[in-house]
Ligand SMILES: CC(=O)SCCNC(=O)CCNC(=O)[C@H](O)C(C)(C)COP(=O)(O)OP(=O)(O)OC[C@H]1O[C@@H](n2cnc3c(N)ncnc32)[C@H](O)[C@@H]1OP(=O)(O)O
């Protein structure tokens, strides 16, 4: 497969493996991984090409490669993107083939839409976000940059998830709710009112943790 469709993944943990799976299914060639700790790539046929700081050198040799940061932690993902703000990088938008993204929705580069996720009409997904397996983002939602919507989450229409917020596995959010920047929603929560920035909420209905 030609270099045009080659994807370099920054982060070789479990999330890196999952993104490689979705990207490969979508037709990308997995060019390799950069990682500061791993010695073995999590995807058959791919290698660890160096530490994350080697990115500029690697892209000099392979300027056609697209890049995605595959660190599941929102803050770590942002930190890596910001570290390389000065160099031209073609960030990939990876859409699993079983995902549905409405033609009236948008997904910014650096973001991943995993298997069976849905991005419904009019929703806008910012850069470097994760829409994980089977998450449904209903109509007219907004997901800020570096947000993570975990597997099996259901966002009703017109929900806003601000930058770097994390909605935990299986949570549900009713229409019109705003989840503030860097807030965390616990696994299985039912969010029925706005969550302030930086606050962690859990339970049904969701309440701030002590
Ligand atoms: C493919 C993938 O793997 S994607 C990754 C998806 N990851 C997730 O969905 C992770 C979601 N994380 C959680 O739900 C976590 O439990 C968090 C973030 C809400 C809280 O984590 P921590 O800050 O470590 O809190 P901690 O475990 O100390 O719990 C604090 C209190 O909240 C309670 N609590 C924690 N999580 C939940 C939850 N999901 N629902 C209800 N109560 C909860 C605990 O029982 C504890 O209660 P107590 O004070 O009465 O004993």
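Note: Cβ is positioned from N, Cα and C throughout, glycine not excepted.
In TrEMBL this protein carries:
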type	residues	note
DOMAIN	7-84	domain 'PglD N-terminal'
BINDING	35, 36, 72	substrate binding site
ACT_SITE	139	active site, proton acceptor
SITE	140	site 'Increases basicity of active site His'
BINDING	148, 169	acetyl-CoA binding site
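The residues near the substrate site, meaning same-chain residues not in 35, 36, 72 whose C-beta sits within 8 angstroms of the mean position of the site's C-beta atoms, are 10, 11, 12, 13, 16, 37, 38, 52, 70, 71, 76, in sequence order. Shown for the domain 'PglD N-terminal' (7-84): DSSP residue counts in helix, strand and coil, namely 32 helix, 17 strand, 29 coil.
169 are the recorded positions among 35, 36, 139, 140, 148, 169 whose C-beta comes within less than 6 Å of an atom of ligand 1, given in sequence order. With the fewest other Cβ atoms inside 10 Å of its Cβ, the least crowded of the binding-site residues 35, 36, 148 in this structure is 36.
Using a 10 Å Cβ-Cβ cutoff, the residue listed as 'active site, proton acceptor' registers 18 neighbours.
A sphere of 10 angstroms centred on the C-beta of residue 140 (site 'Increases basicity of active site His') encloses 18 other C-beta atoms. The recorded positions recorded for this entry are 35, 72, 140, and the Cα of 72 lies nearest to that of residue 169 (acetyl-CoA binding site). Taking every pair among 35, 36, 72, the residues listed as contacting substrate, the largest Cα to Cα separation comes to 15 Å. Classification of residue 148 (acetyl-CoA binding site) by DSSP places it within a strand.
Note: the Cα of residue 140 (site 'Increases basicity of active site His') and the Cα of residue 35 (substrate binding site) are spaced 36 Å from each other. Confidence across the domain 'PglD N-terminal' (7-84), taken as the mean pLDDT and rounded to a whole number, stands at 97. Each residue contributes its Cα atom, and for residue 35 (substrate binding site) and residue 148 (acetyl-CoA binding site) those atoms are 21 Å apart. A gap of 22 Å separates the Cα atoms of residue 148 (acetyl-CoA binding site) and residue 36 (substrate binding site).
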